[in-house]
């Protein structure tokens, strides 16, 4: 069996749950019928299993080194990425008229996810390049695009996002990097950028940095932020490299996980002039960044899901083959030991993983489908609704898997016991890699404030009400179905609790008290969303079972029903409890002054 | 401030909550009045901060290597342990008549915990040596004791516990190591032992292995297990080393964390005869092991607490000094950034850590006090009651901190953001180290079965009823107190839910269904126990506040009240929800056959 994808489940989610095959009815996606999608998924799976997975342990152990101001890293990292680029995956989500392959974002998410599951840190270089190319494509001039974009989507040059600085992580309004106009359309960039993934590497001839900086006369705060394209190597008008652009690698960060992704402190304009060009208009840098925020945050959440999936598949396989102990009713020590999957608590840990991972995957694919619908649904109202729903769910798809699929990795380790704690097995690496996802692209707390402040407060709860209404539609269909009524009842309680909590929070005039509940609310809201997607999965499975499928298929669908039941009984009530706390507007953290933490 | 101990809190727990100063009224502990205890704690703190903490990152990075069948490891590891031994800490908990220092176990736990907080993997060698010496002291012959015990409690030779084998981890009844009597009182030991912490090292001249093995005519299963002392080097009757005992280091396991502790695969009797001596009587090996199980499992849980404490103190200090962003009501980007502790969600993450860590520490010290009371309380009934309570709480003290103080480390990383994810800060190391505690000395699932099967099922719930009665006494005192009544109400709901769940589970005749709930029940029971200890802490704090202390003291006590409130509102309701699931006797994992996990 594959350790990085469950193709049966992927097909279920893509086609049976989300109807991704319908996208081919749109002219821009006409080439992407189910057969074509399957071929691309096959190619991605082969690359993931044959190229990315076999080197995952090696590139983790051989962490990139900082030697004489340069990066030394294993050849295998670049070789895998070249294979990925050669197969067209850097170009996959970009429009055909721009030289891309024009695939739906849904397909891009599903296909790239296999490579992410196999080897997140190596895949990151592609993820970042695609994000940077996305920005350039949307806001760059024709000249900027001509020099950089084709090389980026060919995987010839990689891209980065240079946002954070040592003193400004979550607080981007406080960046200090300066861009002084030279009068010829270029800008002299000076400053330090921290946490730059792929900021320097030993793979490509050039690196295209997307840099947030401030003009000399910029207003304070985030309104003063502009966006610049700043290549590692200067180029002429054709994009031919002419010489270095004086971006110095000041050091590499040594991380818990994701070690094959270099993470850099870069100094701009320190050892000579660093030139950049502005992207778009001054003062709109953060706004442009937000253009690709939905996709980027889906990507982070999806990476958390994929690490969780790898761990789930690995620990499932192990649980079926490792023997240990006997059943509770077999007291005969001479009887053979049983596979540990026969122990109920092992199956509990598998169900915990399955519900988080397959629930999280349903969410990241659903959000990817919203990206496609927002961009290309034939109906304008549907496009707007998709964009609104996507905005609402972006903090959830980013943070819920970052929490619960990290937990899934924890339980995967537990199933292997001591073995899971060693570096001879991939689980400890997945656990280390996955821990990052709560931090980058906006921390857990930032996501909570985005949800409660911007996404619910910003439209007076309209997007949330629309979602709740759709959840109630799902409940109306499921409740009369005997096989689903218990799950529907559990979800109904959770939806009621969500609505009550949201009403209390949005009605609270004290912004500090309201926002003090943001993270707890975000996590519980995520549970309700995942519970809804599980009930939808169960409804599809139940309908398929009613048609009397073959036994293998029936087992698959029964597995879906049991997972939904697990989530309904074990998880949704916890969300109800947390939402009741939010509804009460009590916040001990708010009411505990900093001085009480004195030691 | 110290990063490894909060002496004010330790004093609060030892003296104000648990009355450890009363132990000095017992003749064997007469020397350990509060002043003497304070001096020992001072010495431990100095060793922890000056010797163990400064090398923690170095010995983690320089993982022990397997070279030509031997271990190569940093000198610093042995040097720290020699300093610890020279200060008398290996001898601390042993009776004076045996050459020990005779300290109460409560003091030993508190003092050794500082070294554990600073550097768990180095401290492990002492922990294991003390556990092995404890066994030898209880069950060894005078000759065995004479040769090994004094050298072990001097830290001259270390000890190990050799239980697991590659095919037998949790299922010890299935070990295959054999002990064949030579007719001269010695036994030829053959077999492989896996996961042996400290099984080989470059520190001491000899290693005293406590080995589980089976006689040739032993019955199958755990009844056939005997215990043997098997030294790395053979000795004469004086204990002088005479030559090697043919125990081969077959390999070192490479772990996620706790890297400075060697973890070995050992082969006995492969390259020549390995001789051992039986400890006690044949077939009683597991029973002897259980003699020190309570203390050992307190030690594991306490280690989890100590890693959590280190992370809590570190992230608190960071949160007070790191500036980032502004308050929600300050929209002026020109105003200075605030320390992140001013952000409510950071304080939420600190409270989450504080409640887990200080709650866990209250539990491990309470259980240590039970060890002392079980051994030396002047009243026989009190001794029995303490032993019963200790047995009931051992699975909790082992597993609750392993889960929730690992989570605490997760949130400590989160407070530091990207910095927390790097190896320049200790938090990622603590997180890696702490992940082991759920696995060794009995997994989470094993603890659940111990609690529900042996500890509650074994005495028909008597120990649980006694604990619940004492909890209700605490509630009776707290409920009328206006400052505590909300917390008391939250705990009362949790105690009711605990009682109902326990009644349903013990009344369930279907053993598979009953035990299917064991892990969930264990975790929720742990929450109720911790909630009880928090209410007791709050009651002490409230009484102290009523006396009008100085402002610094008042802040400390108010911090306790806020932490109790946080646990009452944020955590106890989750336990109520989980206990309701147990009470329902529903178990999706039990009802999900293994085949449904087919991929």
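Here the Cβ of each residue, glycine as well, is placed from N, Cα and C on the backbone.
Copied over from TrEMBL, here are the features:
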type	residues	note
DOMAIN	A:39-156	domain 'Acyl-CoA dehydrogenase/oxidase N-terminal'
DOMAIN	A:161-264	domain 'Acyl-CoA oxidase/dehydrogenase middle'
DOMAIN	A:283-450	domain 'Acyl-CoA dehydrogenase/oxidase C-terminal'
DOMAIN	A:467-587	domain 'Acetyl-CoA dehydrogenase-like C-terminal'
Counts by DSSP class (helix H/G/I, strand E/B, coil) across the domain 'Acyl-CoA dehydrogenase/oxidase N-terminal' (A:39-156): 82 helix, 6 strand, 30 coil
Number of helical, extended and coil residues in the domain 'Acyl-CoA oxidase/dehydrogenase middle' (A:161-264), per DSSP: 6 helix, 51 strand, 47 coil
The domain 'Acetyl-CoA dehydrogenase-like C-terminal' (A:467-587) - residue tally per DSSP class, helix then strand then coil: 103 helix, 0 strand, 18 coil
Confidence summary for the domain 'Acetyl-CoA dehydrogenase-like C-terminal' (A:467-587), mean pLDDT rounded: 98
